Amino acid sequence: MVHFTAEEKSTILSLWGKVNVEEAGGEALGRLLVVYPWTQRFFDSFGNLSSASAIMGNPKVKAHGKKVLTSFGEAVKNLDNLKPAFAKLSELHCDKLHVDPENFKLLGNVMVIILATHFGKEFTPDVQAAWQKLVSGVATALAHKYH
């Protein structure tokens, strides 16, 4: 279980309140699909994923990215209970979608990069550390059903 200090919680909540979920979510999922092309196999129904520009402009990628980042809102609301908060998503990704749990870590790392690009100097090393801890905790919670 991940333990967040009061300062880390405050840092996460403060930044989360400024995140444009639609924009950042689409960009994060899009980058995941571009940088790690083998992850595209889980998105066969999304249509054209033939190039970086096709992926980044794909409305299905943007919509699902928003959905993914919205689920991170659940993490922000449940910092002390990540595993229960992601139990159903863990089951879905394990039993029905058969997603390699390593992909959760990759997406988390991409999300940290997106946040850094969106927030620039505001994304200090302390902010990065708190968010890295969060995305790692979410990846672990999502992988829970696999164990």
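Quick reminder: no glycine exception, Cβ is built from N, Cα and C everywhere.
According to Swiss-Prot, the protein has these features:
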DOMAIN    3-147  domain 'Globin'
MOD_RES   SER14  phosphoserine
MOD_RES   SER51  phosphoserine
BINDING   HIS64, HIS93  heme b binding site
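Everything Swiss-Prot records as a feature, shown here on the structure.
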residue: SER14; record: phosphoserine; Cβ contacts under 8 Å, 6 or more apart: none
residue: SER51; record: phosphoserine; Cβ contacts under 8 Å, 6 or more apart: none
residue: HIS64; record: heme b binding site; Cβ contacts under 8 Å, 6 or more apart: LEU29, PHE43, PHE46
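Classification of SER51 (phosphoserine) by DSSP places it in coil, neither helical nor stranded. Note on the domain 'Globin' (3-147): DSSP counts are 116 helix, 0 strand, 29 coil. When pLDDT is averaged over the domain 'Globin' (3-147), the result is 87.
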